[in-house]
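A short worksheet on the structure shown next.
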Number of protein chains: 2
Amino acid sequence: MTEISALGEFGLIKRLTQDIKTTNNATLYGVGDDCAVLHYPDSEVLVTTDMLMEGVHFDLTYIDMYHLGFKSAQVNISDVFAMNGTPRQLIVSLALSKRFKVEDLEEFYAGLRAACEQWKVDIVGGDTTSSYTGLAVSITCIGEAPRSEIVYRNGAKDTDLICVSGDLGAAYMGLQLLEREKTVYYQQVDEAKKKNDQLALQQLKAFQPDFAGKEYLLQRQLRPEARGDIIKRLREANIKPTAMMDISDGLSSELLHICDQSNCGCRVFEKNIPIDYQTAVMAEEMNMNVTTCAMNGGEDYELLFTVPIGDHAKIEKMEGVKLIGHITKPEFGKQLVARDGSEFEITAQGWNPLQAK
Amino acid sequence: MTEISALGEFGLIKRLTQDIKTTNNATLYGVGDDCAVLHYPDSEVLVTTDMLMEGVHFDLTYIDMYHLGFKSAQVNISDVFAMNGTPRQLIVSLALSKRFKVEDLEEFYAGLRAACEQWKVDIVGGDTTSSYTGLAVSITCIGEAPRSEIVYRNGAKDTDLICVSGDLGAAYMGLQLLEREKTVYYQQVDEAKKKNDQLALQQLKAFQPDFAGKEYLLQRQLRPEARGDIIKRLREANIKPTAMMDISDGLSSELLHICDQSNCGCRVFEKNIPIDYQTAVMAEEMNMNVTTCAMNGGEDYELLFTVPIGDHAKIEKMEGVKLIGHITKPEFGKQLVARDGSEFEITAQGWNPLQAK
């Protein structure tokens, strides 16, 4: 493994960025000057940013550097899709403590680049610096959309249909699974230490967490994909959502954002919330309510959007999209209708990193 | 003081951003959705980013939250000026440990906004999250320039004149001064503790560092200003630099960047390097070579640029700009000509946060 100090700041940046080619017409100049230079004469520029801190947003005992890079890019790209835009460029800043080696960074960049290649996004710059503790990642993604196509959170209207892509709660259950296996591992280590069982300690180095039959949950937690495919499908079907956002903090939290900003209420039906079989099984095992997981578990990066009721027929047959309820007048509040017909006020218990500690 | 958890993530963002008004025509939509929306039909978009980590880039025993916000914005705005652009928008991400209160963040934002107001830059978004240790700041600044006006680092030509704005080394001497006073303070505390002198310890709470006659050095370290005034002057004089960058890592390091990217050499004259009187006095006191401080001290945020020799008369009489040398063919190397006529190869000993630890 190569110490970063062996390359220095500029050597490191050179090594990480030397193979990066830019492919978008909108990218005039990428890495290597005070600024990147972008060209957007015919559409509006969309900009979003996210900061990920080790220990708060990710745990490197669960996720490797490749997947961290991949996920960091996807969650930012997801924000551009959530405006009905096309992602074009990405800028990445990293702050690293001494325990990270050049090869770790190369892994991170490999993941970042895999995600960017999937969506034809150019890496155009960033900053690489040091940190006293752990790893900090800050990503800015830039995209474009014609002004008339941009979808904000504030356009939902009474009677609009509420839709979500994919299924919900799986990323959260994936995190529970990873934490459970981590706990199991440390319990076994503790026990072996207590008994001073050197053989067991040796064997634990080859500890294999039990993920059998739960691969989908892991994939959803470690390798989320922005739903550009859904954006494409909506365009092909000639549907422009009235409001849209991506689900990063949990469905409940995002529904409240759309209702607050659109000044409306909503009625969402529990029975319609899309949940994968593995999510349901895992919730059962963990003695958790699967609907609560789907409503409040974060990091799904699915799209939540509303469409006019006139698009009902089109949206109903769209693959990968589920109709979960409808928008109401604000005085009807934000309601979850349970399977038995009882109603609950939706409150945000979303994943909140500011309360995580 | 208000705990951040009392407001929650969304409450905090609301409190920090509620008074922010956007004033640029290029800002269509700011804080509050998945992305900010910007409008740049007639010029290219410039994007730059910087990450600042507590303990590496700043020490909160020296700098208060207001000045940290101010400086964070200025150093990013400086990168847009360094492309000969006009800064327009800024996005800020913060990761905070528990010791930070709402009022600390308000101070940071007040400084950030003061810098943005100075340059008519809109704050259009960001991310606020938590950190296990200390404070991390990531800022992205967006600006614009007509394509024909953009100045890269790679356009310097043989015989071009090399210019710098302002004076150099003062920010670095300001940092030495702050560190010296911090050392003096802790020495006195240690001594008082050793003697168990409770009165002295009590009095040390009112310790006043000795900054008399060195206010300029402090200002340069704690309250740098991007040189938009120089950019304006150059435009008014109808001068377009052939290459330009801002001096963040030290003059030596930046000269090497321009020479490498422009494939040329340079001859810089020690006697021409602009140094303030306070910088010289402080270097003398600290037993440091003042030219070394000016060449290798970081954080000046002055502009380093080259102009065609035909602009000699115009540039010579420009206020706040000093001619320090000229560009040569690459085979002549990168030379510093000392006062006695001897020549030294310029090497980068620049301020490198990756080697700071």
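Glycine too: its Cβ is placed from the backbone N, Cα and C atoms.
Annotated Mg(2+) 3-binding residues in TrEMBL are A:Asp34, A:Asp246, and among A:Asp79, A:Asp190, A:Asp197, A:Asp210 the one listed with them is A:Asp79.
There are 25 other Cβ atoms within 10 Å of the Cβ belonging to A:Asp246 (Mg(2+) 3 binding site). DSSP assigns A:His57 (substrate binding site) to coil in the three-state reduction, outside any helix or strand. Ranking the binding-site residues A:Thr48, A:His57, A:Asp79, A:Asp246 by Cα distance from A:Gly126 (ATP binding site) puts A:Thr48 first. Fewest other C-beta atoms within 10 angstroms, among the binding-site residues A:Thr49, A:Tyr109, are seen around A:Tyr109.
In this structure, the CA atom of A:Ser248 (ATP binding site) is 4 Å away from the CA atom of A:Glu299 (substrate binding site). In sequence order, A:Thr48, A:Asp50, A:His57 are the binding-site residues among A:Thr48, A:Asp50, A:His57, A:Tyr109, A:Ser248 whose C-beta falls under 8 Å from a C-beta of chain B.
Around the Cβ of A:Ser248 (ATP binding site), 22 further Cβ atoms fall within 10 Å across all displayed protein chains.
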